[in-house]
Amino acid sequence: MAQNGSGDKVEKGVVEEDEDLQNPNQKDLRHDKEDDLSVERMFLSREVPPWRNQLTIRALAVSFLLSILFSFIVMKLNLTTGIIPSLNVSAGLLGFFFVKTWTKFLDKSHLLRQPFTRQENTVIQTCVVASSGIAFSGGFGSYLFGMSERIANISSDKSDFKNPSLGWIIGFLFVVSFLGLFSVVPLRKIMIIDIKLTYPSGTATAHLINSFHTPEGAKLAKKQVRTLGKFFTLSFLWGFFQWFYNASDDCGFQAFPTLGLKAYKYKFYFDFSTIYVGVGMICPYIINVSVLLGGILSWGIMWPLIERKKGQWYPADTPDSDLSGLQGYKVFIAIAMILGDGLYNFIKVLSYTLISMYNQVRERQRENVLPVADQNSQLSYNDQRRTLYFLKDQIPSYYAIGGYVAIAAVSVGTLPHIFHQLKWYYVLVIYTLAPILGFCNAYGAGLTDWSLASTYGKLAIFTIGAWAGAAHGGVLAGLAACGVMMNIVSTASDLMQDFKTGYLTLSSPRSMFVSQLIGTAMGCVVSPCVFWIFYKAFDDLGMSDSQYPAPYATVYRNMAKLGVEGFSSLPKECLLLCYVFFGSAVVINLIKDLMGKRGRFIPLPMAMAIPFYIGPYFAIDMCVGSLILYVWERMNKAKADAFAPAVASGLICGDGIWTLPASILALAGVKAPICMKFLSRKANARVDAFLKS
């Protein structure tokens, strides 16, 4: 997913060039087997460009184009399942492809002035991930869309809503999206060098970028890009084919059953969605299996059993979309599982963080020495060189503190005008606590690779919502507070992940910070525009039976409603079932942790909760992706490891970018020219009999 008064002094003390680093043959450097294979020795002949030269015009132009592409991908996933895989690999790979192709062309034309470096590649990846990250933390599929009248009507709560508008959404994001960046900048040395947090995603991305820019890695990268391009094209064409032969929800692949699993009116089916097949190839096997088990438990077993009690547990004439009927069970049992899983992991990660911090402090006291970066005799050549460049371009702490205070002051004055329910003192309290929570989230992400941004957001929903109360717009106040908190803690952990990537690729912290700022600014404009296209193109956006049901928008709205109104509106036995599933989520997580390595076979409650509300239709798609990857690994693991991310990225990107022309066609009112429907033998016989008569 600590401010240090002497931090600047310590950094200034190690900025000077170390002669030993300029001559790797010095005797006091360790020449063991690891150093002979050192990554930094491979790049020793290549000059590290100054931080300003890492921020090139071509890098920012490529970042902008990729930001649009990835925003469509994240937005589509937000509005369908809410499962968003890591796209760092795709961003790094596509960034390498575009800039490498351009520089190769210029080189042949003898016009190339600046070669393409791994630092520039890192800047692109950082900028793209920062921009597309706003599509998630901006709440377009959760708290922000949950404020709308459309979701309010679904939640039977029509009194308190705020419909989306490009103006206030962009303004809101610009006000809240930068604070998290300034809150953790002073901590970069402590967390990356002193404590040496691992940040697995940032480390993996750095290794990928480093491998691209070695001679052997560049050859593999070209093959990976070609593979990505092929599957991107196939996925895009498949999206067009589905649209061409699909004129309505009653017509085409959306109702194409393949497994024959049927319980009353609930079916499992494979809808040939390449984006979910790609997501399934990226997500761990246990995620996909958990989603499938959640679908079987809910739509295959529970909902048919509860529906039999219609008239006893809830009125027989209650519409399926009413929260006092079956919809209430779907939404609130899913909420209970999400809260149980989130609370358990929040306590676990926070405890792990506090214990780790305590051990660090005790270790320092025992040794009576600060683990500063100039203890080069204990460091490998890689670490010496990386530490030197990481501390070379400083970001003064007073810039970060001043920036945080200035933006917070503007935000305290601005947000109550955007949401009159969100009082200025609510915002002030959030901004007082946010740096601490941002640090906790960034620290926890460094240990576990798990950002708990949404959990912190849920805490804000309940605390601020209850503080405001139902009579004073507590629902909207809670949702808005959720957005403020989520943006701060999410961007804080993302920035520290990027600092880790920059540390391992010798990218300047200044270039990383500036690219993060630029990417965030891009996201504050691009993401709302992409959401607006979906919002205007699809009139049924947010409806449970829609192509884009936006499940978490309803879930977050009902969390806010629950926080301010209590449990009085729930159908019979729903509260008891919520307690059972909340407790089950906690117990499952506890057993999973106690079993150690064997616990990897136990399903994840958070993943199981998703199909409880929106159905299991995407579970088959994701499991197909897992099956493809499993068979591929059994046949040739080396090739699968090298090319599976490229195949998955191509499937995701192709289907994701198809949503742009599909949305434009929907806005223009263009219908597919052919209607195709698959019928069972029994239904087909009835149609034939009717036609013959």
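From the backbone N, Cα and C atoms, a Cβ is placed for every residue, glycine too.
The feature region 'Disordered' is assigned by TrEMBL to 1-32. For 55-77, 83-102, 123-145, 165-187, 275-306, 327-347, 398-418, 425-444, 464-492, 513-535, 574-591, 612-632, the entry in TrEMBL reads transmembrane segment.
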Residues from the same chain, set at least six apart from the ends of the transmembrane segment (464-492), whose C-beta lies under 8 A from its own:
1, 130, 133, 136-139, 142-144, 146-147, 157, 160-162, 172-173, 176-181, 183-184, 411, 415, 418-423, 426-427, 430-431, 434, 437-439, 441-442, 451-454, 456-458, 516, 520, 556-557, 559-561, 563-565
Give the nonlocal contacts of the transmembrane segment (513-535) in its own chain as ranges (CB under 8 Å, at least six residues past its ends).
51, 55, 59-60, 63-64, 67-68, 71-72, 75, 79, 123, 126-135, 138, 140, 145, 164, 166, 169-170, 173-174, 177-178, 181, 185, 395, 491, 494-495, 498, 541, 548, 659-660, 663-664, 667
Who are the chain neighbours of the transmembrane segment (165-187) in space, where the CB to CB distance is under 8 Å and they lie at least 6 residues beyond its ends?
2-4, 7, 134, 137-138, 144, 395, 397, 399-401, 403-404, 407-408, 410-411, 414-415, 418, 431, 434-435, 438-439, 442, 483-484, 487-492, 494-496, 513, 516-517, 520-521, 523-525, 527-529, 531-532
Should the transmembrane segment (425-444) and the transmembrane segment (398-418) be scored as in contact, given a threshold of at least 3 Cβ pairs under 8 Å and pairs 6 or more apart?
yes
Determine whether the transmembrane segment (612-632) and the transmembrane segment (123-145) share at least three Cβ pairs under 8 Å, counting only pairs 6 or more apart in sequence.
no
Residue numbers, six or more beyond the limits of the transmembrane segment (275-306), whose CB comes under 8 Å of its CB atoms:
73, 76-77, 81, 83, 85-86, 235, 261, 263-264, 266, 268, 313, 326, 329-330, 333, 600-605, 607-612, 615-616, 618-626, 628-630, 644-645, 647-652, 655-656
